[in-house]
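Asks: So TrEMBL says this about it:
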{"type": "BINDING", "residues": "Lys9, Lys10, Arg11, Leu12, Arg13, Arg136, Leu137, Gly138, Tyr139, Gly140, Gly141, Gly142, Phe143, Tyr144", "note": "ATP binding site"}
{"type": "BINDING", "residues": "Glu61", "note": "substrate binding site"}
Amino acid sequence: MTADLAETKKRLRAECLARRPAVAEQAGRGRAALGLRDVVTGRWHIGPQSVVAGFWPMREEIDVLPLLTAVVEAGATAALPVVGARDAALTFRRWHPGMALEDGVFGTRHPGPEAGEVTPSVVLVPLVAFDRAGGRLGYGGGFYDRTLAALRVDTDILSIGVAYAGQELPQVPEESHDEPLDWIATERGIIVVNRRKEKA
């Protein structure tokens, strides 16, 4: 990463995070969470073989738990991520509504080790901002880029960036190691991107 690009992404990330509380309030957090659930389940049939990894929403992130609940109700498997070493990929543990959770890093929560690890076929990816070309601005730790890259070695996963529609930008700066998203889902609709062939 060049110093200029690093500074651009850092500045843009701070600006977007500062705006996000207002974006979440305008969308209505509970309404947006249900809208996201309905948008995704209306577009994609959740088969019992699906393993869908979501995330515990932090601060003003869009809430994917209603969507994960729909996954479980459809007879499929839902999971939440566990953050390990700073330079490692995420692991995922089976989740269902109402189960006991442990506190994780960065304000996250996740199931305990007794829940068992699973390998997702679908990954819901949090983000700070996105563009219509599938660009994703994350939090800067690289966890999801490492995780998607590792999963794609052996698995044909579907990656879905999830956000409020108001988090869209005209263009997000990208680097060669940024893993592309297949879809972007908001409370208003889905953008199908599928840029992996371009990257290959």
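Glycine too: its Cβ is placed from the backbone N, Cα and C atoms.
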Asks: Around Tyr139 (ATP binding site), how many other CB atoms lie within 10 A of its CB?
Replies: 14
Asks: Given a separation of at least six residues and a C-beta threshold under 8 Å, show me what packs close to Phe143 (ATP binding site) in the same chain.
Replies: Pro81, Val83, Ala89, Leu90
Asks: Using C-alpha atoms only, work out the spacing between Arg13 (ATP binding site) and Glu61 (substrate binding site) and round it to an integer in Å.
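Replies: Computed Cα spacing between Arg13 (ATP binding site) and Glu61 (substrate binding site) is 14 Å.
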Asks: Look up Tyr139 (ATP binding site) in the DSSP assignment and reduce it to helix, strand or coil.
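Replies: Reduced to three states, the DSSP call for Tyr139 (ATP binding site) is coil.
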Asks: Please identify which of Lys9, Arg13 has the densest Cβ environment, defined as other Cβ atoms within 10 Å, among these binding-site residues.
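Replies: Top count of Cβ atoms within 10 Å goes to Lys9.
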Asks: Would you mind ranking the binding-site residues Arg11, Glu61, Leu137, Gly141 by how many other Cβ atoms sit within 10 Å of each Cβ and giving me the lowest?
Replies: Arg11
Asks: For the ATP binding residues given in the record (Lys9, Lys10, Arg11, Leu12, Arg13, Arg136, Leu137, Gly138, Tyr139, Gly140, Gly141, Gly142, Phe143, Tyr144), what is the largest pairwise C-alpha separation in angstrom?
Replies: 20
Asks: Reported as an integer number of Å, what is the Cα distance between Gly141 (ATP binding site) and the residue listed as 'substrate binding site'?
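Replies: Spelling it out, the Cα of Gly141 (ATP binding site) and the Cα of the residue listed as 'substrate binding site' are 17 Å apart.
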